[in-house]
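**Student:** Just lifted these from TrEMBL, have a look:
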- 39-63: transmembrane segment (TRANSMEM)
- 54-304: domain 'G-protein coupled receptors family 1 profile' (DOMAIN)
- 75-96: transmembrane segment (TRANSMEM)
- 102-133: transmembrane segment (TRANSMEM)
- 153-170: transmembrane segment (TRANSMEM)
- 201-226: transmembrane segment (TRANSMEM)
- 247-266: transmembrane segment (TRANSMEM)
- 286-307: transmembrane segment (TRANSMEM)
Amino acid sequence: MDAFRAFENESLLSSYSVPARLDPFRRPLDSIQPWQFRLLAAVMLVVTSLSLAENLAVILVTFKFKQLRQPVNYIIVNLSVADFLVSLIGGTISFLTNLKGYFYMGYWACVLEGFAVTFFGIVALWSLALLAFERYIVICRPLRNMRLRGKQAALGIVFVWTFSFIWTIPPTTGWSSYTTSKIGTTCEPNWYSGAYTDRTYIIAFFTTCFIVPLLVILVSYGKLVWKLKKVSDAQGRLRTTRKPERQVTRMVVFMIIAFLICWMPYATFSILVTAYPSIELDPCLAAIPAFFSKTATVYNPIIYVFMNKQ
């Protein structure tokens, strides 16, 4: 057992590159006051509670009412499942560790939180990309894909989970690692290491799990807007008959905007510390983007409820 714990500590210290006196598994950081940790714990309690309640409500309501059982809503439910799970695992652990002031749960709990938050976060982003592509298909090519929408939604959901798992499991098997953040109470991919293996993973991860789905979103909505602008005044009645589809499209746009607002600061911060691993940042300042990104799980259910007239 002692040898196993020594291996855990050695793995952490080699990846995090901090002296033992700053080991976040042993004690809180001296540079952060206890009240700051308690404030973060309170924030996480509110965010996690709201997210769990809202996303569970979306899931239950969608499956309870038959009129909501549509392919686009199944994709939204998939997004809610991802948000629910990231809050259940990541949010709960983050609340408890901030309440304590350090990551007292140990190395493998850190790996679990880092993997869960990253995995479900990528599932959420790819779900939004799938929604954007679905909107493009429905609005721009309705007749060609009308019979296949349900099957496409199911295959798309399987792809989202499989692809996200493929790109978030490597840090648990040796290609990079999940380690504590600067504040020491949350875990994430090892942005701070300058090692070749860590940098290659981060580059591959950002390309496949952030840039590519973002491009899918931009291209899908770019073509959708271009298509709608081509509709002439003579086809005004067509636009009226497809008003529900246009309302769903606006709802998805708001979901995507809210998600990007929450995640862009964290993505920008991650790119910065990956490009300049030796940069010195205040732990509290460095924690803001990560904690702000966690609020994304709260907004989507609110948007779904207020913009879905069903």
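From the backbone N, Cα and C atoms, a Cβ is placed for every residue, glycine too.
Help me picture where these features are in the structure shown.
**Tutor:** Residues 69, 73-74, 76-77, 80-81, 83-84, 87-88, 91-92, 94-96, 98-99, 183, 185, 287, 291, 294-295, 297-298, 300-302, 304-305 of the same chain, all 6+ positions outside the transmembrane segment (39-63), place their C-beta atoms under 8 angstroms from a C-beta of that stretch.
Tertiary proximity for the transmembrane segment (102-133) is limited to same-chain residues at least six positions away from its ends with a CB under 8 Å from its CB atoms, namely 8-9, 11-12, 24-29, 72, 75-76, 78-79, 82-83, 85-86, 89-90, 93-94, 96, 153, 156-157, 159-161, 163-165, 167-169, 171-172, 178-180, 184-189, 209-210, 213-214, 216-217, 220-221, 252, 255-256, 259, 263, 293, 296-297.
Only residues 6 or more beyond the boundaries of the transmembrane segment (153-170), in the same chain, are considered here, and those with a CB under 8 A from a CB of the stretch are 71-72, 74-75, 78, 115, 118-119, 122-123, 126-127, 130, 133-134, 176, 201, 204-205, 208-209.
Distant neighbours of the transmembrane segment (201-226): 122, 125-126, 128-129, 132-133, 135-136, 139-140, 163-164, 167-168, 170-171, 175-176, 189-191, 249, 253, 256, 260, 267, 270-271, 274; these residues of the same chain sit at least 6 beyond its ends, with a Cβ under 8 Å from one of its Cβ atoms.
Long-range Cβ contacts of the transmembrane segment (286-307) within its own chain (Cβ-Cβ under 8 Å, at least 6 residues beyond either end) map to 40, 43-44, 47, 50-51, 54-55, 57-58, 76, 79-80, 83-84, 86-87, 90-91, 94, 121, 124, 181-183, 186, 188, 247, 250-251, 254-255, 258-259, 262-263, 265-266, 268-269, 273.
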**Student:** Using Cβ atoms and a strict cutoff of less than 8 Å, what residues sit near the transmembrane segment (247-266) while being 6 or more residues removed from its termini?
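**Tutor:** Residues 72, 79, 121, 124-125, 128, 131-132, 135, 139, 214, 217, 221, 224, 288-290, 292-296, 299-300, 303-304, 307-309.
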